[in-house]
């Protein structure tokens, strides 16, 4: 486990800095840097932490596999990453959870009837990250993978829960109404309501992302596991 200490340290910093800046340190940092300045510092610290995680992961020993990633597991993981891609792509349009220093845009969006991926979950971007991390733990069941990807899954889901509580406090009825119309957990039955354009872009993004594994010398992912390109 000592050989994984650098990765564990990076993961703790990445997750911990997010929670510290989002909650106990937020007010002081906003007072010091202003709302927009805070978002800039938050982004820089987050990028630095994620870069540290990636570097530490690349330097960590692979370790033993806890189970064999069979074809069935690869199929499940591929479906999860496809869903993650669709949710992530769709989350960039009309997302009331996006940073909004003044809160006006959020209130306007939260007052609308949810459409697209927001019919699936009110946190499509965070669930995209969580499903992405979970899928990678399934096909790479090693301790280094559990630390790296597990940190992303935990941060995405715990962060989403914390975001709901924070928005309830800052936006009041506007966010509560949005919560009543949406679901925290993904409702897969609502995928059929997602716009065809978002579905298409999500599939293209998924195909590109899974193909890109080859650029880093990794084994094929997604359909490229079975179709060599």
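Just so you know, the numbers here start at 1 and follow the chain as drawn.
From the backbone N, Cα and C atoms, a Cβ is placed for every residue, glycine too.
Confidence in the domain 'NnrU' (7-216), given as mean pLDDT, stands at 91. Feature annotation from TrEMBL assigns domain 'NnrU' to 7-216.
Per TrEMBL, the feature transmembrane segment maps to 37-58 (among others).
Distant neighbours of the transmembrane segment (70-90): 116-118, 120-121, 124-125, 127-132, 134-136, 138-139, 186, 188, 191, 194-195, 198-199, 201-203, 205-206, 209-210, 221-223, 225; these residues of the same chain sit at least 6 beyond its ends, with a Cβ under 8 Å from one of its Cβ atoms. Residues annotated as transmembrane segment in TrEMBL: 70-90 (among others).
The annotation transmembrane segment is assigned in TrEMBL to 146-162 (among others). Sequence-distant contacts of the transmembrane segment (146-162) (same chain, six or more residues past either end, CB-CB distance under 8 Å): 4, 7-8, 11, 14-15, 18-19, 22-23, 53, 57, 123, 126-127, 129-130, 132-134, 136-137, 140, 184.
Residues or ranges marked as transmembrane segment by TrEMBL: 198-216 (among others). Beyond the transmembrane segment (198-216), the same-chain residues lying 6 or more positions past its ends with a Cβ under 8 Å from any Cβ of the stretch are 78, 81-82, 85-90, 93, 116-117, 222-224, 229.
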